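Chemist: Structure in structure tokens, see below.
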Amino acid sequence: RCEGRVEISHSAGQGTVCDNNWDLRDAQVVCRQLGCGSAVAVTSSSSFGQGSGSIYLDDVNCTGSESSLFQCGHRDWGSHNCSHSEDAGVVCSETMLLTPPGSPLPMCQGGSNMWCAGSWDVAISLVNGRNRCEGRVEIWHSGSWGTVCDDGWDLSDAQVVCRQLGCG
């Protein structure tokens, strides 16, 4: 099942979402954005463990129909009145496929530059591009970001990454 602490990967690094006013409508948007079905439950008080780094969003206020968490109302980016003991989490209805047979890369269905940590602790991101659908491929695994070696890298590999990130 897709579940875990909600984290955001941003050019400035990784950060979390504060649980102030966090509800099922907010979780619904996260689950949809990650391609994980519908929200089953929300968690608060860092039930999936405390994050580290920045707290990017606080007082998130979604209607539940948004396609991205960034379309929801919230305090200014990086403005918050909480600590990592208040990191928000979600439990979604579907499973996130991480390593399909024959695939060398972790895989997150749907998605964008949003990712969650919890029982998987892997993510893929594009960095230093002009938009979210171009850039250097980086993988979050075992607690740190790393790059992907280009030995044998070809258009087929790039197409998989683009599909994973919802970029066509």
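Just so it is clear, glycine is given a Cβ too, placed from its N, Cα and C backbone atoms.
What TrEMBL records for this protein is below:
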- 1-93: domain 'SRCR' (DOMAIN)
- C18-C82: disulfide bond (DISULFID)
- C31-C92: disulfide bond (DISULFID)
- C62-C72: disulfide bond (DISULFID)
- 124-168: domain 'SRCR' (DOMAIN)
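Context for these features, please: burial, neighbours, distances.
Modeler: Taking all protein chains in view, 16 other C-beta atoms sit within 10 angstroms of the C-beta of C82 (disulfide bond).
Non-local contacts of C31 (disulfide bond) by the CB criterion (under 8 A, 6+ apart in sequence, same chain) comprise C2, G37, S38, A39, V90, C92, S93, E94.
Counted within 10 Å of its Cβ, the other Cβ atoms near C62 (disulfide bond) come to 22, all protein chains included.
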Chemist: Indicate the candidate from C18, C72, C92 with the smallest number of other Cβ atoms within 10 Å of its Cβ, considering only these disulfide-bonded residues.
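Modeler: With the disulfide-bonded residues C18, C72, C92, fewest surrounding Cβ atoms within 10 Å: C72.
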Chemist: C-alpha of C72 (disulfide bond) to C-alpha of C82 (disulfide bond): distance in Å?
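Modeler: C72 (disulfide bond) and C82 (disulfide bond) have their Cα atoms 19 Å apart.
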Chemist: Give the distance between the Cα atoms of C82 (disulfide bond) and C62 (disulfide bond), rounded to the nearest whole Å.
Modeler: 19
